[in-house]
């Protein structure tokens, strides 16, 4: 009797957890933008502390604590205690930045400026610097994206996390809907690096070797997808079937991206732009959704076989592929050391050109989103992460290009030394000065940290009745969880360990 009662209670609680994340309609795009804006504001405060006071150089225990409070704690507050007032949180952070900036700078700890800032042409011509660079603002952007992702995948199971931030059922926008798209967009930026290397060497990789290499990248992700599938089914873990389907999960989506991108790369001979390919794919997919029974099949079709059971994951893949391609397009102009290697303009001009280029692309993607979704002046199509339709693609790309632009602007203002570096040693030192140790660590082993976050999320959910936990205990659990992830990430970085998956 006792065992049957316990089983019934477990089943009821599992159903409660599934209901807790089901049939949600999300929130306003503007509110999501306000929450996302906290990250670049944090970056601004961190940059003022570093550029004016050299607060994180050398990196002490106090520096680590402040680094954690800013780059992890502030983001955690933005989705919990300050979820109803993200603008207030940003205002408080800005006020702190103004206060720190008003303090006289720590002159003794600041590096001397180079006597003769070289031109971009002379930098590119030095033997120590290659055509590509890892710019500080990209590390800060990707690190922040990983931190907020790790926070949300556990926080969503607690009542303190607003339901409007959790993934929507079908139509609407939410912070977590933005999160999964941002993860794909960020991966697309990084994936442009080998393409740029091939172009710099004037040795394009043939389709066959390109596909083989892409499958090697896909295999670990697909393995993790099957492990997650078996663990979820075997442990009777609460799941939201309409998110990706009965068996599909996000790791499968990530795993199938590389080979499809390798195939699409061949289309660049016809459409010489990843942005063009992304738009073409997104528009074509949207036309098919609107002009065929596909949309009805995805949303309301019966689950009678393996294909129909996983229809959301299979067809939303095309939208995520478009996001990935758009991310690659962004990477094509933010990863090169110079937008125009033949230019003789100074580093300062090149920095300004990059910021303006980012701003223009941000405006373009935002305008496309507006004209696709506006009911008065546009097509009036609603966003659907479940379908990964064209409005969803444009929303994710517009938001992320805007965020990258904001991080780029902060980087340009406070850390020009990186762009003035004339050799690899000076550039490395400037890069480490301009980036948070915590964000560098999350960025370095992002996928490994994300896997650990998934394991810890499962462990917490199996041992803690998250729906019955109050605000104070919730914050304690989330802080301990993020501290464990951060210490692991920083520890790997301290011992110079990179886990390539």
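For all residues, glycine too, the Cβ spot is worked out from N, Cα and C.
TrEMBL lists 32-49 (among others) with the feature transmembrane segment. Outside the transmembrane segment (32-49) by six or more residues, the chain places 55-56, 66-67, 70-71, 74-75, 78-79, 83, 86-87, 89-90, 93-94, 96-97, 100-101, 140, 144, 148, 165, 173-175, 178, 399, 403, 406-407, 410-411, 413-415, 434, 436 with a CB less than 8 A from a CB of the stretch.
Positions annotated as transmembrane segment by TrEMBL: 61-79 (among others).
Residues or ranges marked as transmembrane segment by TrEMBL: 85-103 (among others). Sequence-distant contacts of the transmembrane segment (85-103), counting only residues of its own chain at least 6 positions beyond either end whose CB sits under 8 Å from a CB of the stretch, comprise 31, 34-35, 37-38, 41-42, 44-45, 48-49, 52-53, 74, 77-78.
The transmembrane segment annotation in TrEMBL covers 145-162 (among others).
For 174-196 (among others), the entry in TrEMBL reads transmembrane segment. Beyond the ends of the transmembrane segment (174-196), by six or more residues, the same chain brings 24, 26-27, 32, 35-36, 79, 131-132, 138, 141-142, 145, 148-149, 152, 156, 164-168, 205, 250, 253-254, 257-258, 261, 265, 274, 320, 323-332, 334-336, 383, 385, 388, 392-393, 395-397, 399-400 to within a C-beta distance below 8 angstroms of the stretch.
The annotation transmembrane segment is assigned in TrEMBL to 217-235 (among others). Residues of the same chain lying 6 or more positions beyond the ends of the transmembrane segment (217-235) and with a Cβ under 8 Å from any Cβ of it are 247, 249, 251-252, 254-259, 451, 454, 458, 462, 501.
Same-chain neighbours of the transmembrane segment (247-264): 180, 183-184, 187, 191, 207, 210-211, 213-215, 217-219, 221-222, 224-225, 228-229, 232, 277, 281, 306, 309-310, 312-314, 316-317, 320-321, 324-325, 328, counting only residues six or more beyond its ends whose CB sits under 8 Å from a CB of the stretch. Residues annotated as transmembrane segment in TrEMBL: 247-264 (among others).
Under the heading transmembrane segment, TrEMBL lists 271-289 (among others).
Long-range contacts of the transmembrane segment (314-334) within the same chain, counting only residues at least 6 positions beyond its ends with a Cβ under 8 Å from a Cβ of the stretch, are 135, 138, 181, 184-193, 195-196, 244-245, 248, 253, 256-257, 260-261, 264, 273-275, 277-279, 281-282, 285, 294, 298, 307, 354, 357-358, 361, 365, 385-390, 392-393, 396-397, 400-401, 404, 408. Feature annotation from TrEMBL assigns transmembrane segment to 314-334 (among others).
What TrEMBL lists as transmembrane segment is 354-372 (among others). Cβ atoms under 8 Å from those of the transmembrane segment (354-372) belong to residues 275, 279, 326, 330, 333-334, 339, 378-379, 381, 390-391, 394-395, 397-398, 401-402, 404-405, 408-409, 412 of the same chain, restricted to positions at least 6 beyond its ends.
According to TrEMBL, the feature transmembrane segment maps to 392-419 (among others).
Under the heading transmembrane segment, TrEMBL lists 473-495 (among others).
Counting residues 6+ beyond its ends, the transmembrane segment (392-419) has Cβ neighbours under 8 Å at 29, 32-33, 36-37, 39-40, 43-44, 47-48, 50-51, 111, 113-114, 135-138, 140-141, 144, 173, 177-178, 181-182, 184-186, 278, 282, 319, 322-323, 326-327, 330, 334, 347-348, 350-352, 354-355, 358-359, 361-362, 365-366, 368-369, 372-373, 383-385, 426-427, 430-431, 433-434 in the same chain. Sequence-remote contacts of a segment are chain residues at least 6 beyond its ends whose Cβ falls under 8 Å from one of its Cβ atoms, and for the transmembrane segment (145-162) they are 17, 20-21, 27, 39, 71-72, 75-76, 79-81, 83-84, 175-176, 179, 182-183, 186, 438-439, 442-443, 446, 449-450, 453-454, 456-457, 460-461, 466-467, 469, 471, 474-475, 477-478, 481-482, 485.
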